[in-house]
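Before any comments, here is the structure.
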Amino acid sequence: VLIIAVLFLTACQLTTAETSSRGKQKHRALRSTDKNSRMTKRCTPAGDACDATTECCILFCNLATKKCQVPTFP
């Protein structure tokens with residue numbers, strides 16, 4: 001009896017999830033792009049002000065000058 005109850009509850013959850021996701025496909029796609037835009041960080045170009053929390057574009061933040069700059073290799 002317990003196995004039958006578990007199978008019944010599992011089937012109910014699957015059909016409920018399938019039914020509710022059909023009408024919300026458009027909204028799910030919108031949420032996905034919103035999430036991606038929040039996850040995308042903007043970077044600071046060379047010469048702009050920066051600090052320890054700033055993400056410089058393919059550069060590094062020179063904390064002495066507080067500006068993003070290209071690394072120089074000896």
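Each Cβ is built from the backbone N, Cα and C atoms, and glycine gets one as well.
Disulfide annotation in Swiss-Prot: CYS61 is bonded to CYS50, selected among CYS43, CYS50. Neighbour counts of Cβ atoms within 10 Å were compared across the disulfide-bonded residues CYS50, CYS56; the minimum falls on CYS56. Ranked by CA distance from CYS43 (disulfide bond), the disulfide-bonded residues CYS50, CYS56, CYS61, CYS68 have CYS56 at the top as the closest. Around CYS68 (disulfide bond), a 10 Å sphere centred on its CB holds 22 further CB atoms from the protein chains shown. Most other Cβ atoms within 10 A: among the disulfide-bonded residues CYS43, CYS57, CYS61, that distinction falls to CYS61.
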